[in-house]
Amino acid sequence: QGRILEKTGLCSQITFGRYVRQGRKLGLDPKLFIQDLQFNKVPVRVYQPKATSDGRRRAIIFFHGGGWVFGSLDTYEKVCRYLSRESESVVVSVQYRLAPEHKYPAAYEDCLDATLHFLKNTEHYGVDPASVIVCGDSAGGNLAAAVSQTLAGRSDLPRLRAQILIYPGLQALDFNLPSYHQNRGVPLLFRERAAFFALQYLNGHALHMQEVLEGSHIPPDMRLKYRKWVSPDNIPEKFKVRGVKPLRPTDFIAEVYETVKRFCEPNLCPLLAEDAVVHQLPESFILTCEYDVLRDDGLLYKKRLEDNGVRVTWYHLEDGFHGIISLYDYCGFSFPSGKRGLDSIVNFLKSL
């Protein structure tokens, strides 16, 4: 649909996608006090339970998904209300700037700025500074992982209590991991779209998408360096039984690398952070879906965290697909496994 409109010159695919996904304004919530604010000039929506609390509450800073290109406070309104109500937490939903108008690192910087502001002002919201969690789905999971890594070494701020990564996209080196082949045509995220979104975020356009999908954008020596972290060898065998075929290696193209070399920055691809950073990360929750091109990003990061002594709670939706959490109560319908996924997050929050 979006492509047809783009070809006819009516509007770009991205504008159309944003229109479709904009979400409806919801009415008041009897259990929550909701207000729109700005943290360090970044628009946020704060959800606070109205019920009285014995002590200071925990807080969830939430970064929405949408490939860094789509998504808004309204799109994730139901998810944020659910998390706030069910876990009795303050939720801060962050409206970071979107690509392609605002390229990397704009989204990351907005998420970091909003988080820093909140960590310094927890008392205004009745929040325990030692109980702040970052959380995000898809591109938001990428942003949560990047913010978490940035804050891991900071001794001047309260330490994050946990990070919750919901089918996060964590690397753009290899679009040929098993999950990328098995689920290449599974909605809501096709393999091509994953590369398209990463390039929109990085460069504001998707030139060289084919080369990136083939893997000719990364020099052989770098591929070798990162192989210890980004490799099918680190993925449990049971995830490889469904149609995985080895790829013939493609030739490296230096000019393509020049345009995408920032893919090797951990703020963009958190899976590439050094061990010294990873081992300082807080307790983590990772949700993966079987029918999702990004499944293996989550599995690889889970292994990295565990190898570095970080406590990980992993929840795998055997019948889940990418984006299932954002479809919770969407236009009145919901997937049972999406609800299970959300409830697993609520249970993790209550266990902290």
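Keep in mind that glycine also has a Cβ here, set from the backbone N, Cα and C atoms.
Heads up, TrEMBL stuff is auto-annotated, nobody curated it.
Per TrEMBL, these features apply:
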type: DOMAIN; residues: 60-206; note: domain 'Alpha/beta hydrolase fold-3'
type: ACT_SITE; residues: Ser138; note: active site
type: DOMAIN; residues: 251-325; note: domain 'Alpha/beta hydrolase fold-3'
type: ACT_SITE; residues: Asp292; note: active site
type: ACT_SITE; residues: His322; note: active site
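There are 27 other Cβ atoms within 10 Å of the Cβ belonging to His322 (active site). Mapped onto DSSP helix, strand and coil, the domain 'Alpha/beta hydrolase fold-3' (251-325) counts 31 helix, 19 strand, 25 coil.
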